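Single-structure report; data block below.
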């Protein structure tokens, strides 16, 4: 492997992979996978582990009002906004060991390389673990990063309850006691970072298909969620002639067909998924009275999303096989395009290791979607086997992950202007 | 109204409608509709009411091993097989007052006309109420008629249980005690009737649409029930490009489209209904792994049903949007064509009252589907409002029902050869 960056070559692949494996032990499931729900005992242990590693590397540990944990490697000028690197340590209920964790451990590997080589830098560098990215225990997720970026207010987040009725606030209090007891310092207000970098597994099949160990992520797709209700008339399946039918299933089919045609009219970057579908009364010999289904629509370009939104609304106004339709928007997240300069820096780093690597737009959400509203933000992806995530079978190759971490280090070196320092 | 039959003109429309209304009081629901589950207290009361009416008209009452009740108006030659007229008195849980009941009460009206005019006939005439046609308490239904016609064995029927664990046998014992106590005689073996006539509401919209008060039913459609499973691959809705998808919903859609095309290739008598449909894992942002749906397929011609069966099986073998399919037959009832001579007799009777009446094939099942295997059988339909049945809103017009009963009487007169007696 060609190594053109001194910080990249200072990455200790063995220790980095040991860290990944050590994290995989916290909340481990048998025979594989992990379970670390936000602010539960395992999630808290994972944070303490992170703090311990930071201490041995000479970092100070900090936490904020949402329990986000920061390891700070001081710069020559502590007043400069820090370069922030990280992701999250919480997981889905039955998850793999890499989603989130990889990005935090990668930040740690960069800090370790800086410490090992005793590299000085003007700007502080911080590794962050954001609280409750997954939203599996407290929904919605990305609590820590969205609050940090000023996108959601703390009150609403603290009031969320898990299935047992425990509030986020109560769970957070336990976590904070532990962090304090282990010497972490409280930071009352978020500091606007110089930039935020997040390395994450792709959670899709593209990189594996192309054999690329790493790539730049240029943004995150916007998502519209719709709920559509098609209403016809229930009737006897045997006695009702075709011409007298107002079959809600057939109406839904015709509408879906038209929706698909509207989607195909745009480029192939659109993601259109009907994940939930139900009929009522749902009886073998009764013509359906009603069909209800959801649409998950994603695109990196807000203009395309808006055009499709208009098209969908128009289609829902028409009659479909004698049935009426009603469309409701249940969620709407605008796409994010990452900072051009930062993407260019990552691009250059990626090209050092894999010139033919594609540029991707993330189809999944990440903490970076919120940070992008606060400071220059960009991401790196590394492949996961068959695109599988949120499952114990989630798997990455050590060789790929190492290239990704070195790519990250290469970019950090540029951003810290270490050669000039 | 032109009345060309003396028996038809002897029908007392007022008393007939009173009977319909009297039956509607037994198991009445507020504000309308009835609930008479097979062999429950209300169903038993309805049978006793029928026996009482028969007694006042000089009939003897009989019951058999399945609790079917027969009112017998004796003929000059008691050894001749009886002409059988009837339907059922049990109902769906929340039903209208006409489904089944109309056919029994119509038989009673014919017997009353014979009695009033003191008309003698060589052949005995019997009015029957079949046990558990609906199958709402004990499934499947048509218990009394299927056993009577030798199509199902008594042991299996008697062993059926309702939701409370009560067996058909136990419920029947209670009913039989009541029937016996009120003087009904036990008939150990079914007598093969001379013919069976059943008047029923259409449960479809055709007669109402055409303004016809009555029509001949030439047969009952056959029904195939299928369950189809389409299997793809669950994946993330945001990260999986179109080309990497094996979306079970899209696969199911493509298959349904092909199934519909196969159906349309035949005549417009085919009834094709997808009444149940489910996705798994049924999550908004997950590409469906599996789609399962049912097909209710009906046609009066066994050759067409067979051809469609073959076509469906062939289609299920193909790949649909990268997904595999599996087809299972869950039920299969062959079509029945009613006796030609009997249909001709009913045809002539119908033409007397409504020359332009259509001939229909029943899309719903009736006790007649089983009797048709035992003796010459045919049916008459009378319209119900908007085709609604199995619902308290089920409604018929008294004028229509009267025409239908007179039509029935007209046919009975022909069959009994009363003019020659």
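From the backbone N, Cα and C atoms, a Cβ is placed for every residue, glycine too.
Under the heading Zn(2+) 1 binding site, TrEMBL lists A:88, A:99, A:200. Long-range C-beta contacts of residue A:99 (Zn(2+) 1 binding site), restricted to its own chain and to partners at least six residues apart, with a cutoff below 8 Å, comprise A:91, A:92, A:200, A:201, A:203, A:389, A:390, A:394. Under the DSSP three-state reduction, residue A:99 (Zn(2+) 1 binding site) is assigned to coil, being neither helix nor strand.
According to its DSSP assignment, residue A:134 (Zn(2+) 2 binding site) is coil. What TrEMBL records for A:99, A:134, A:390 is Zn(2+) 2 binding site.
Taken together, the residues in the domain 'Peptidase M20 dimerisation' (A:219-319) have a mean pLDDT of 95 on the 0 to 100 scale. According to TrEMBL, the domain 'Peptidase M20 dimerisation' annotation covers A:219-319.
The sparsest Cβ neighbourhood within 10 Å, among the listed binding-site residues (A:88, A:200, A:390), is found at A:390. For the domain 'Peptidase M20 dimerisation' (A:219-319), the DSSP-based tally of helix, strand and coil residues reads 36 helix, 33 strand, 32 coil.
Other than the site residues A:99, A:134, A:390, same-chain residues with C-beta atoms no more than 8 angstroms from the centre of those residues' C-beta atoms, the Zn(2+) 2 site, are A:91, A:92, A:95, A:96, A:100, A:133, A:136, A:389. The C-beta environment of residue A:134 (Zn(2+) 2 binding site), restricted to residues of the same chain at least 6 apart in sequence and closer than 8 Å, consists of A:37, A:38, A:88, A:90, A:91, A:92, A:95, A:100, A:141.
Same-chain neighbours of the Zn(2+) 1 site beyond A:88, A:99, A:200, judged by a C-beta within 8 angstroms of the site's C-beta center, are, in sequence order, A:87, A:98, A:100, A:101, A:102, A:103, A:133, A:198, A:201, A:366, A:367.
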